[in-house]
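Database features, via TrEMBL:
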type	residues	note
DOMAIN	8-325	domain 'Acyltransferase 3'
TRANSMEM	7-26	transmembrane segment
TRANSMEM	41-61	transmembrane segment
TRANSMEM	82-100	transmembrane segment
TRANSMEM	144-163	transmembrane segment
TRANSMEM	169-197	transmembrane segment
TRANSMEM	209-227	transmembrane segment
TRANSMEM	247-267	transmembrane segment
TRANSMEM	279-303	transmembrane segment
TRANSMEM	309-330	transmembrane segment
Amino acid sequence: MNKSLSLYLDIFRFMAATVVFLSHIASQKISGGMFWQFKDYSQTAVMIFFVMSGFVIAFVTEQKEKTLKEYSIARVSRLYSIILPALAITFIFDFIGYHYNPSFYEGGPWPYDSDNLIRNYFLTAFLVQNVWDFGFNPGINQPFWSLTYEWFYYLIFACSFYLKSNYKYLVILLLAAIAGPTIIALMPIWVLGFLLFKSMNRNKNTGPIYSILSIASLVAIVWVGPMVRDVQFVIPWIERTSIIGDYFDAVLFCIHIYFSPALLKFFDSFLEKYAQAIRFLGALTFSLYLFHRPVIQTIAALYSDHNNLIYKLSLIIAPLIIVLTIGMWSEKQKYYIRTKLSHIFGK
C-alpha cells in the first residue's frame, strides 16, 4: 500500500468517526437537530469502517502477521486498548448523568437498559453483546454494536486463513451460528474490503476517466445513498431492513478507493506535507467512535437549557478533550498490551 493511499484512508477513517459523532449530537432530544445533515450518513460511516477493516486485515496478514499468534495478539491489543477505557468512561458518565437526570436516559429515543447493566457490560467485555441482534450494549453507548460484528469477522477470517485442518469448517459454522444471521449477512461487506486490497496491487488505472469514476462513486454515496437507505427490504431473521443501502454504500466506497490512485496523484504533495497531522487524526478514530456517546448524553442530562451556546459548544468540545487526552493515552496502550501478550505467549 503506497503512502498516499494509506494517508487517504486515515482521512476517511477520521471523517467516518466524525460523521457518527455529529449524527449523535444531531438528536432532537440532545441538540434540537443541530448537525441534522449528518444523520443520514451514520450507518454509511459504519459500512465504510467494515470495508476498511477488511482492507487493513488483508494488508497486515500479507505484510506483518504471518501466524495466528501474531494476528491474535495484534487484534486483541488493538481492540482492548480502547474498549476497556471506553467501558470505564461509559460507566462513569452514565452514572453521573443517570443519577442527576434518570428520566432523560429512560425517556429518550435511545435504548438504555438500567435493569441489566451488569449483564450488558459483561457481554460487551467479550464482544458478544449483539449476537443474534441482542442489543445488549453497555449503558447509553450504542456505537458498541458494530464491535460484535467486527469481532466475529476477525474470528471467522482467522479460522479460514490460518487453520489448516478440515475441522476449521466446523469451527467457522459454529462461529456463524453463535454470531447470528444479521452479522453474517453483512460479512460480505467486510470481505469486499479484503478483496479490495488484493485487487489494488494489480490496479494500474491512472487515467483521467478513472479519476472521474472515483469522484462519481463518492458523489453517488452522498447524493443517492440516503434515498437507497430509505428502501426497506425485509429478510427473515435479519434485523437490518436497510441492507440494500448497506451494500450500496459499501460497493460504491470500494469503487471510489479502487480508482482513487488516479485521483490521489494530484494530491501527493498535500498528503506528504500534512502526513503527521493526518496520522495523528487517524490514530484517534477508534477512541472518538467509542468515547463520545456517553459524554454528550451526560452533558445533555446536566444542562437544562439546550439552546444555550455554551451548552452546544460543550457537546463538541468536551468529547474531543476526552479523546485528545484519554484517547491518546489509550492508543499508546496497544503497544504495552501487545508486548505483554507476546511475552506471555512467546514471540
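Numbering starts at 1 and runs along the chain as displayed.
Glycine is treated like the rest: Cβ placed from N, Cα and C.
Two recorded stretches are said to be in contact when at least 3 C-beta pairs lie under 8 angstroms, sequence spacing 6 or more; the transmembrane segment (247-267) and the transmembrane segment (279-303) fall short of this definition. By the Cβ criterion (distance under 8 Å, sequence gap of 6 or more), the transmembrane segment (309-330) is counted as touching the transmembrane segment (82-100), at least 3 such pairs being found. Using a Cβ-Cβ cut-off under 8 Å and counting only residues 6 or more beyond its ends in the same chain, the transmembrane segment (7-26) has close neighbours at 33-39, 41-42, 44-46, 48-49, 52, 55, 143, 257, 260, 264, 267, 271, 275, 278-279, 281-282, 284-286, 288-289, 292-293, 296, 315-316, 319. Within its own chain, the transmembrane segment (82-100) is flanked in space by residues 112, 114, 121, 124-125, 127, 138-141, 144, 147, 286-287, 290-291, 293-295, 297-298, 300-302, 322, 326-327, 329-331, which lie at least six positions past its ends and keep a Cβ under 8 Å from the stretch. Long-range contacts of the transmembrane segment (209-227) within the same chain: residues 40-41, 44, 245, 248-249, 252-253, 255-263, 266, each at least 6 residues beyond the stretch ends and with a Cβ under 8 Å from a Cβ of the stretch. Sequence-distant contacts of the transmembrane segment (169-197) (same chain, six or more residues past either end, CB-CB distance under 8 Å): 1, 47, 50-59, 62, 128, 130-133, 148-150, 152-153, 155-157, 159-160, 163, 235, 237-240, 243, 246-247, 250-251, 254, 257-258.
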